Structures are given as structure tokens and as C-alpha cells.
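Before we start, here is the structure in question, set down as C-alpha cells.
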Amino acid sequence: MNGTEGQDFYVPMSNKTGVVRSPFEYPQYYLAEPWKFSALAAYMFMLILLGFPVNFLTLYVTIQHKKLRTPLNYILLNLVVADLFMVFGGFTTTMYTSMNGYFVFGVTGCYIEGFFATLGGEIALWSLVVLAVERYVVVCKPMSNFRFGENHAIMGVAFSWIMAMACAAPPLFGWSRYIPEGMQCSCGIDYYTLKPEINNESFVIYMFVVHFMIPLAVIFFCYGNLVCTVKEAAAQQQESATTQKAEKEVTRMVIIMVIAFLICWVPYASVAFYIFTNQGSDFGPIFMTIPAFFAKSSAIYNPVIYIVMNKQFRNCMITTLCCGKNPLGDEDTSAGKTETSSVSTSQVSPA
């Protein structure tokens, strides 16, 4: 084995030299130079500095403006709440541990940080699944006259939380475990060992299949059918130009969110899968650290995409920041009236 396994950790370095120590008790500067740990701390500070204001602002503006409280926006706000969980439950912890060079909060702190990081990522993924299904049902119309209403949105939010908990909670109760990963300053699911006493192998397979592959398959199925339907509708002029434009803009925004999610999380999932399927292989701490920390940037992109691509929200945000007045004088009257076929109650205004 090219790593050192302890009771609650796995350090990606052989202990033949005798330098490996518990990441809960000693600085891990034998894994990487101290400046690299400082760089990780600075990176996490940047994510906190950007992630908290932009997510909190998105949440606050939506609460302040009643016209933004549409059913589809409930799902988008669910993404924001997931991001805030990651910022408070994960980023602050990881920044402090990186500053110290090891996981100073101990095993319990590792479980808490790993839980919030996993929960936030899974809520985001399952929220994107709900958005994809909503877009598919609304645009492709497999069920005629379906209207995505408030009850559907609430069920979608509840579903995303149930599925996320089904992924993040089992390690807390003995099915798999959370351990430090990479440079040992952040925690995640144990992909490094089979650990038969906690049935780790079965959990990792369950997680990859149920909480990664299946959601992505649903998303790709929905958008694959959706793209074909939009092209066909445009060719046959089945909907009004305004309706087609609104549906395309909403769909484009959600697709960009999906692409951003894949960019952030697929490298991490790929590396984790490689490590799991190549037990004992030789890899350095940086190999897992870079994709793990890159995945954390996902807490920023959803609200940014929402702000950039939603003109109605931008106007509301400017009005809120300017104490009730929009200096640009660009109140989007059409945004509040955007008509999307069979789904006027779930509208998200186009940019």
C-alpha cells in the first residue's frame, strides 16, 4: 500500500520513513510545503468573501420582492440555501484548518465538515434534477396542460433534501465514514479504503450510482428531449415568438447551471472513482486536493448565473441595493408578464 491508514484517516504517503502522523494531531507539512497550505487558506477565504454576500443577497432580494417568489424560483433559492450551508459549514472550517496545516477540529469536526460539504453538493445536484424535470414537463409536454405550481415546487425542494440526506447522513451512522482528504485539511467520503467493518465499498458504489450517475442520466435525458422539442416547435411555429423566447431563456439559464455543476464536480468525482477502483495506487496529496477544492467553487456560480441571466432579478437587486430606487430606470415591465407555455405560474424572466 502506498498510503498510511489509521483508525480515522488515510494519508496518501507510505510510512516507511516514519514521518506520517495523524492529521488530527500534527501539521501535515511533510505532504506539501507550508506555503501550499497558506494558498489553500487564502483560496477558501476568497470563496467565503464571494460566496456569502452573493448568496445572501440573492436570498434577501427574493424575500424582499414578492414578484420574484414564483414556484420555479423556490428551486433556485434551494440552490442558494445549499451554497450557504457549504459556506458556513465547510468553507470556514477548511480555511482555519488550512491555516494550521492539519484538521485541528478532530474526528467530530471532520464529520461535520464532510457532512455539510456533501449535503450542499447533493442538494445542488438534486435541485438541478428537479429543474431539468420541470423544464422537460413544461416544454416537451408529456402531460398536457400541466402547470408547475407552488405545491410542485415545495415537493421538489423536499425531494432534493431527502435525497441529499440519503447520501450525506449514512456515514454519520456507521455506513462508510468521513475522513480528511488530499492535504488533510478538508473532509469527504472515504474513497481510499474498502473498510469492510463499515461496509465502505457498498456505500461508495451506492453513492456513485444513486447519487451521481442516475441524477446525471435524468438531467441528460430531459435536456436531450428538450432541445429536440424546442427546435421542432421553432420550425413549426407552434408557440408565439414571445413564449418561445421566454422558454429558451429559462432553459438556457438552467442548462448553464448544469454545465457549471459538471465543470466543478466531475473532476472530483472522476478522481474519487479512480482512487476507489485502484486501491493502494500511488498518488500524491495534491492529486485529490485540487479537484476537491475546485468543487467548492460551485457555491458561487449559481447565484452569479441567476443574476447575470435574469433581468427581472437584476432590476430587483439594484432597487434593493439603492434603497428602493433603480438609478438605471430599467424596470422590466415585460419581465413580470413573461408568458411561458402552460407554466405561467413558474416563470423565470428572461435576461
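Using N, Cα and C of the backbone, Cβ positions are placed for all residues, glycine too.
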With reference to Swiss-Prot, specify whether L72 and F103 are located on the same side of the membrane.
no
If you look at what Swiss-Prot says, which of C110, C140, C264, C316 makes a disulfide link with C187?
C110
Where Swiss-Prot marks N-linked glycosylation site, which residue is it, choosing among N15, N200?
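According to Swiss-Prot, the N-linked glycosylation site annotation belongs to N15.
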Out of N2, N15, K296, which of these recorded positions is nearest C110 (disulfide bond) by C-alpha distance?
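When the Cα distances are compared, K296 comes out closest.
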Work out the three-state DSSP category of C187 (disulfide bond).
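Going by the DSSP assignment, C187 (disulfide bond) falls within a strand, counted as strand.
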Rank 37-61, 111-133, 203-224 by Cβ pairs under 8 Å to the transmembrane segment (74-96) and hand me the top one.
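Result: 111-133.
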Quick one: do the transmembrane segment (37-61) and the transmembrane segment (287-308) have at least 3 Cβ pairs under 8 Å, skipping pairs fewer than 6 apart in sequence?
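Yes; at least 3 Cβ pairs under 8 Å.
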On a simple 10 Å Cβ count over all chains shown, which one of the disulfide-bonded residues C110, C187 is most densely packed?
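Result of the Cβ crowding comparison: C187.
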Would you kindly give the Cα-Cα distance separating C187 (disulfide bond) and N2 (N-linked glycosylation site), rounded to the nearest Å?
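Checking the Cα atoms of N2 (N-linked glycosylation site) and C187 (disulfide bond) gives a distance of 20 Å.
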At a C-beta cut-off of under 8 Å, are there same-chain residues at least 6 beyond the transmembrane segment (203-224) that contact it? List them, or none.
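For the transmembrane segment (203-224), the list is 122, 125-126, 128-129, 132-133, 135-136, 163, 166-167, 170-171, 175-176, 189-191, 251, 255, 258, 262, 269, 273, 276.
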